[in-house]
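Trainee: Before anything else, here's the structure in question.
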Amino acid sequence: MLHVLLTILILAPLAYGTTGPWARLAIQGAVFALLAVWFWQAQRGRAHRYRLPGGRPLAALLLLPLLQLVPLPPVLLRLLSPVAAARYAEGVWQLRPDAWMPLSVHPRATLLEAVQLFSAAAIFFLLVQLVDNRAALAKVLRVLVGFAGIYALLAILCDLFPNGRILWLLAPWPAEAGQPFGTYVNGNHFAGLMAMVFPLGLCWFFVSKPVVVHGNWRERLVDFFNDPQSSPHLIYGALALASGLSVFLSMSRGGILSCLGSLIVLGLLLAFAGGDLRRGLVLTAFFGLLLTAVGGFGWDPIFADFQRLRGTDGLIHEQRPAYWRDSLRLWRDHPLFGTGFGTFADAYRGYQSVDTGGKLVDHAHNDYVELLTDAGLVGAGLVGWLSVGLLATSWRAWRRRRSRLPQLLFPGVLAGLAAIALHGLTDFNLHIGANLLWFAALWGLLVAVSHGRSRAGSRSTELDAGRRPSVAAFLAVTLGGGFFCLVQGGVCLGLLAFAPAEGGDLRQLRDDERLERLLTASEEAARLDPLQADYRYAVGNLRLALGRSAEALTAYGRAIRRNPLNGEMLQQAGLLLAGLGDGGRAERLMRLAVEVDRRRPERGMVYGGWLLRQGRREAGQEVLRRTLRLAPEKTGDVLTLLILAGFSDRELAPVLPESSRCWLAYARYLLGRKLPQQAEAAFRRAFTLALAEPAGGRSVWLAARFFGDRRRYEEALHLLDEGTRTFPRDVALHRLRGQYAERIGLRELARRSYRQVLLLRPGDRAARRRLRTLAAEE
């Protein structure tokens, strides 16, 4: 069984990080099948069973997502999660009054996350049960360290010699793969996996070193290379080096920092364990070799990746802190039990303050913050209880060990856990299937290494023996694993059934025959994956296209019950109710759609437009103003909407919020209307607002360009002088000031401006060329 477990751990990263539904079905199905086999053998007395450290907090943690799925009566839900209940009152309860709802705001996402958590717990449990002797421990380490090193080498080669396909042979990288590495769409998650294994590989390199204790250094060197163990030792060192090198080449800032942090933790733990000076020298030499290897590929791309954090205005442009602030507001509204495991993407949209260009923020980019939002204080407390309990138990057991193997391996495992803990401050590695399984495996190794005895024998662990599992326990595990596989299988089959209806706006189709075929496909998909709200929503859209409004409303209600914070579904149901003459419920649903999907400007535009059509001008203007405050790039669309509603040019200005981008769009609109004086006033207003905005340099540049394009260079320079004082690190402003100063003969000002450009950006060739031209003209 140990071989099967190791095979699963090897296949998990290769299956694209176990992130897709088919990969999850295969990997998780194999895990649950292996767990059932182990219980069968243990029940028949063919396998040892040991008491699991941390069993109680682990069981409680696994029960929590299941409790989040239990439908609760409205009275109890208002007590446990008042904010969620208030939103349900404005949304799903408008369509299905007083329906019992769970604590999770998206039950399907929570159920799938529960399946992932159970599979990780099964890996931890099986590793503790199966690695009960030194031979098994050595086998696990050889396989894991060997695979990680070979996989890292393969990933490096694929990165150096790409052909657009995964591992050269598999499917092409998807279009959304921004920074792929290895078999991971996101190199950060590859780095998270390698950073976990790197310290362990380094310690296994120490363990595998041949023991040479006699003679001078020449004799020891000869004996070392004559020893048959020296070749594996050097190979393990090379594989560990490849693992560390791949972290740097993946260009993951969090991975690099966590890798370096794990080396510090490893050094401290080895020193605490009584490591001799030679081991410290070897560790130092290994670190130097790693940095040298990275240097061979070039440090410039790595430094450039860190430099990209700083924009042209000199400010740090990193969105993660904004995600965390918004997430903490989300947690404060759901402090006790959270919004449900796996529901961050659904709940966060109602709190998002940062503009992501329409991209979905599906994770908090901080595993600790996301744990708080998903599971609340209860979940965070259980994770803390489990982690501290396992660490304390393993640490005490390790301090009793005197042999070389646990003294060296325990620091490596703990440093690997420290690496993923550090990386979790800026990423979401534990929501990646393969990384979570390897994380659970490291916890299992921590227990196995710390509790392993030195004496030989089939059983060399000090873990207490447990009772033989009952038939009922075997049946419970088998049925539970079968249910989880059925859930994941339904997800995969639902995708296949829904494929004909995937993509496009189903409401725009007019071919009744095709609509009926797509309706049948969508209903089949909904049957196979009954918790997927998208399939119910598609059924509603198709029924609406076929003219069955009442049936469409019923389907929308079912969809919203499965995903009650989906802004698009709420909005569509509201529009249908408005068409049916139910303005009261329609307004509640559309208002809630704006609230829970605040960064989607179409929600506010549809609601604001509907209010305008109802003759409620002030309410509509306020909704549109709030929309523009969050999405100023939609100013042109909103202006068109207002004009169609009968607003005059002068009536448009009061709708605009205090945003330079909005006023710039309004100024361009006025230019198009041949109103230059009003446009100039709008540009000046945009300039004034830009000076008070943290990233207003671009707006200052555009306002100055308005005057410069009309050869009013003195006025443009006046704006740029003030702009460069406010944004002294904005390269574009200094360059434009130099250009305009040249045009009116202010050569000294032009030289100062270009020199400032070079000070901020030393490699700017255009600025150097202009300075040489100015010097030649003197």
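Any Cβ shown, glycine's included, is placed from N, Cα and C.
Among the features that TrEMBL reports, domain 'O-antigen ligase-related' is placed at 239-382. Here TrEMBL flags 533-566 as repeat 'TPR'. Taken from TrEMBL, the feature transmembrane segment applies to 27-42, 54-72, 109-128, 140-162, 190-212, 233-249, 255-273, 280-299, 375-396, 408-426, 432-450, 471-499.
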Trainee: Have the transmembrane segment (109-128) and the transmembrane segment (408-426) got at least three CB pairs under 8 Å, pairs 6 or more apart in sequence?
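Mentor: Contact absent: fewer than 3 Cβ pairs fall under 8 Å.
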Trainee: Find the member of 54-72, 233-249, 375-396, 432-450 that has more C-beta pairs under 8 Å to the transmembrane segment (190-212) than any other listed stretch.
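Mentor: Per the Cβ count, the answer is 233-249.
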Trainee: What are the DSSP helix/strand/coil residue counts across the repeat 'TPR' (533-566)?
Mentor: 27 helix, 0 strand, 7 coil
Trainee: Can you tell me which recorded stretch out of 54-72, 233-249, 255-273, 408-426, 432-450 has the most Cβ pairs within less than 8 Å of the transmembrane segment (375-396)?
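Mentor: The listed stretch sharing the most Cβ pairs with the transmembrane segment (375-396) is 54-72.
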Trainee: For the transmembrane segment (255-273), which partner among 54-72, 233-249, 408-426 gives the most CB pairs under 8 Å?
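Mentor: Comparing 54-72, 233-249, 408-426 against the transmembrane segment (255-273), the winner is 408-426.
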Trainee: Are there residues at least six beyond either end of the transmembrane segment (54-72) with Cβ under 8 Å to its Cβ atoms? List them, or say none.
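Mentor: Contacts with the transmembrane segment (54-72): 80, 100-104, 107, 110-111, 113-114, 117-118, 121, 124, 337-338, 340-341, 375, 378-379, 382-383, 385-386, 389-390, 393.
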Trainee: Which whole number is the mean pLDDT over the domain 'O-antigen ligase-related' (239-382)?
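Mentor: When the pLDDT values over the domain 'O-antigen ligase-related' (239-382) are averaged, the result is 80.
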